[in-house]
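Q: One structure coming up, written as structure tokens, with questions to follow.
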Amino acid sequence: MSGFTAFFKKEIVEYLRSYKALILLCVFIIFGMMSPLLAKMMPDILSHQAINGITLNIPKPTFYDSFGQFFKNLSQMGMAVLLLIFGGVLSQDLSKGTLIMLLAKGLSRHAVILAKFAAALILWTASYAFAVMIQWGYTLYLFDKLPVPHLFFSLFCLWLFGIFILTILLMSSTLVGGAYSGLFLTTAALGALIVCQFIPGTDRFSPLALASDNAGLMTGAANLHHAVTAVWITVILIVSALAVSLVVFKKKSI
Amino acid sequence: MTQISDLLPLLIPIIVLELILVITALIHIFRHKTYRFGNRVLWVVLVLCFQLIGPVVYFIFGRGDD
Amino acid sequence: MDILRAEHIRKNFGSQHVLTDLNFSVSKHSIFGLIGKNGSGKTTTMKMILGLIKPTSGSIYVCGEKVAYGDTPTNRHIGYLPDVPEFYGYMTAREYLKLCGEITGVRRSEIHKRTDELLCLVGLNGVNRKIHSYSRGMKQRLGIAQALLNEPELLICDEVTSALDPVGRKEILDLLSAAGKRATVIFSTHILSDVERICDQIGVLNNGQLELQGPLNEIKQDYRQEALQIETLTPDQAPVLAAHLKALPFISKAEVSGRTVNVQLNHYEENSLDIIRLLASESIPILKYERLEPTLENVFMDVIR
Ligand SMILES: Nc1ncnc2c1ncn2[C@@H]1O[C@H](COP(=O)(O)OP(=O)(O)OP(=O)(O)O)[C@@H](O)[C@H]1O
Ligand SMILES: [Mg+2]
């Protein structure tokens, strides 16, 4: 337990001093501010581009569009940034050999995995929470509030998808060596999921639904039951990935 | 129809945050001689040309050891 | 009681057999020097003692407790310094030692005091820079401080003197020597004079096993080559002397190089007078007459040959 606390503190200090915490917070806060503004300015932007005086008839943007924009930014750019920030989550420590002395001091291998997961989870949750709060404030200020069904569920789905990415990164770095191989393996896995989406009938089970159906859930375009299934599947995958990380890392030559 | 100028107060915090990222990256670049790869010119150009992505990529891949 | 015991350790990396049958034990309060060629498996052996890599077969006991691969309870008895210690460059030495202290469960109130003591001991007090700006020797010193932090019963140092200047080397050897009073020290090195300086036990790792193990002075006795070096006054007398020596039955070899004759013989104690008599009867004036002491280098060369 003392090992977990000490190593967890080290992880947090590392995120702060390597500027990763700063980047993640800034980028997500920027997304939270930018999405409502983009939604609001969309008609202006589009009308400026209208050719030869043909006026496009663009509907006035609403509360929905603001969150639609938010989900679009976070599920694409946001997840890419998440991958980059946490890409070296365990690989870096392993490939540099910095863990050797700490393990030799009696740090348990389980504590390493759990502390790494906890620190990443906290950083991701904090950045996401900031983004959501700012998004909420800006949207209320710029748009008239409309009843949005399942907004919180949608937000929860994206948060869970972030955790899914974190655990897959952690698992990949226990499975393959090298400073960036965990990142590559995770990217490959996500690529495979994207390809699988084209197989009819599978998309409702895919964790990707958590990052692609968010806007649809608010407008009713996406099926809530399918989303709930995807949530459960993702939770199972997260727990299994963590378990695999713990078991594999315990048996790894260092 | 909304005027862009009305939204300016809301845009300023975004610009400030982006500037914070760019400036921390630039300070870091100029205070270090070695990078994991690439050279100073490359990183300065990248950070200045690609807002948001530039500093992120610099801090993840370019930043040397410390 | 033996603080460390290794039984029938085998280790393969793929098809490469690094250790074939390693057996050894180290008794309490000894300083054990592990020597062997590059790639003979010293680092591998140490990492197996720490449970960092898995032996292909065989078992290791630390303080009577079996080392479980991937698990760390036996490591609480051990302090380890890797051959190239890697630190978190963004920390200061003090912060790093605090982290290590918290991990090993040094009491909170004591960490600070202990850190100061150790930094003084290894000569890093007053250095408040981040570790990334440290030289290799400074990292080595911090590594030693880190290894001593939990007051280990067994101190394992891999090539501990490799990056140190001559003064630093002496300091660190004295430090290990002092540590040897309280703990058992195992260390590997390629500098054999370091081993001679502080070790009381040695082991020579060769061909995947410990080909030679025991107290340093006994081993030197066993390997005592009965050798003499006689230096004559002028170069032309040396071959003459060599020819006379070769005629004696107990002399196995007499080689001339310049003015000196290198002699190998059996049973020096019984036969030394015969040589003196020969020198007197042939009236060969000599400058120097010396019985050669065996060096660890000779022993080492002999074992790995
Ligand atoms: N992870 C590994 N994978 C494959 N082979 C390895 C691995 N680690 C070590 N070896 C091999 O095992 C042998 C022993 O290595 P080890 O590092 O234990 O030698 P050493 O005695 O410490 O050498 P040195 O004096 O150079 O430090 C070497 O031939 C090395 O190539
Ligand atoms: Mg070695």
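Here the Cβ of each residue, glycine as well, is placed from N, Cα and C on the backbone.
Copied straight from TrEMBL:
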- A:21-39: transmembrane segment (TRANSMEM)
- A:70-90: transmembrane segment (TRANSMEM)
- A:111-138: transmembrane segment (TRANSMEM)
- A:150-170: transmembrane segment (TRANSMEM)
- A:182-200: transmembrane segment (TRANSMEM)
- A:227-249: transmembrane segment (TRANSMEM)
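Situate these features within the shown structure.
A: Note on the transmembrane segment (A:150-170): residues 67, 71, 74-75, 79, 82-83, 86-87, 89-90, 113, 116-117, 120-121, 124-125, 128, 132, 182-183, 186, 189-190, 207-211, 213-215, 217-218, 224, 227, 230-231, 234-235, 237-238, 241-242, 245 of its chain, located 6 or more positions outside it, place their CB under 8 angstroms from a CB of the stretch.
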Q: With the transmembrane segment (A:182-200) as the reference, find which of A:21-39, A:70-90, A:111-138, A:227-249 contributes the most Cβ pairs under 8 Å.
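A: Stretch with the highest Cβ contact count: A:70-90.
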Q: Six or more residues out from either end of the transmembrane segment (A:111-138), which same-chain residues have a Cβ under 8 Å from its Cβ atoms?
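A: Long-range Cβ neighbours of the transmembrane segment (A:111-138): 1, 3-4, 7-8, 10-12, 15, 20-21, 24-25, 27-29, 31-33, 35-37, 66-67, 70, 74, 78, 82, 86, 89-90, 93, 99, 102-103, 155, 158-159, 162-163, 166-167, 170, 174, 242, 245-246, 249.
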Q: Could you give the residue numbers and ranges of same-chain residues that sit at least 6 residues beyond the transmembrane segment (A:227-249) on either side and whose C-beta is under 8 angstroms from one of its C-beta atoms?
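A: For the transmembrane segment (A:227-249), the nonlocal Cβ contacts are 90, 109-110, 112-114, 117, 153, 156-157, 160-161, 163-164, 167-168, 170-171, 174-175, 204-207, 209-210, 213, 217.
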